[in-house]
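Participant: After the structure tokens below, expect a handful of questions from me.
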Amino acid sequence: MNNKIIENITLYASSLTIIIGILGGICNIITLTSKEFRFNSCGFYFLCSTIFDLLYLFISALTRLIIDHLSKMKIDQTLFFCKCRAYLVILTPSLSTLFLMLTTIDRYLSTSSSRKRRHLSRIHIAWPIAILSIMIILITHSPILFFNQIEKTNVTNNNYRCVPTASFYTILMNIYLFLFNPFVVYTTMFIFSLITLIRMRTLQCRLGSLNHRLRRHRIIDRHLITIMFVHVGLAMAITFVRCTFLVYTFLTNNTKKNLSRITIELFLDKFSITLYYMNFAKSFPVNTITSILFRRIFHQRIIHLFTQICSLCTSM
């Protein structure tokens, strides 16, 4: 398998992923802003996660596609672009994953037998938590702005690339971003998801004794919990693949490699990063496949928007 074939495969796979992700993200926003979801704290966290999924696909996947396959558009040649892209490429998926983690904590609280804990699973509490979370991630990831530089790769053609600076702090930052942070976040997701799963039986038993209004809210919660389980499982699997390859690359960085091994590693790198892009493009397909309620609300929202557009056009 030569480099040209690898480039073509990643070009089409990445393009398809970006298109599906962007269209799916827009459809997700349309659905999650419905009255059924917008006053639900878990639905709000899913909405925030979707917004940062879209930002990641625009900032990371789309610009990477341009840099790799449209060499005439040298948008990565400036230090400003280098630093900003490096910062946002790590910031946006971190925020998306953080909000996914918050959905697991929220579902844990909503299924608790304690009224005080259930009270924490409310939309008026979700808003300040979301703002505080964004501020913390913005600050903790800010050192990335100082750990990247422009490096010349081809003197003749004046080609440059954005690379991390070779320093001890860069190594520490990489360990935090690609090992410690994913481990803490996904361990938290797994623990709270497992506890929520155990509580689901109790919740189902409780449904029979609730009035119609509370039962309706519990049914929405149950659908959101199902969506959450699938999202967490897929995110953990995909992130594990990408992080494993990054660790392998780091450990074998100074190893002499033949052409065959370099080609295989190039393919695995492109494959793992395309798979990682899919992690941020999967939201709408996962939601529609796993939840009848989500499909029904999406269908209603599309019909409502179409009706409004038609009435607006006829009144003009």
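The backbone N, Cα and C atoms fix where each Cβ goes, glycine too.
Quick paste from TrEMBL:
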- 12-32: transmembrane segment (TRANSMEM)
- 24-230: domain 'G-protein coupled receptors family 1 profile' (DOMAIN)
- 44-67: transmembrane segment (TRANSMEM)
- 87-105: transmembrane segment (TRANSMEM)
- 125-147: transmembrane segment (TRANSMEM)
- 183-203: transmembrane segment (TRANSMEM)
- 224-251: transmembrane segment (TRANSMEM)
Participant: Could you tell me what the rest of the chain brings near the transmembrane segment (183-203), counting residues at least six beyond its ends with Cβ under 8 Å?
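Facilitator: Contacts with the transmembrane segment (183-203): 97-98, 100-101, 104-105, 107-108, 111-113, 218, 221-222, 225, 228-229, 232, 235-236, 239.
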Participant: Look over the recorded stretches 44-67, 87-105, 125-147 and say which has the most C-beta pairs under 8 A to the transmembrane segment (224-251).
Facilitator: 87-105
Participant: Pop the mean pLDDT for the domain 'G-protein coupled receptors family 1 profile' (24-230) in here, whole number is fine.
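Facilitator: Computed over the domain 'G-protein coupled receptors family 1 profile' (24-230), the mean pLDDT is 81 on the 0 to 100 scale.
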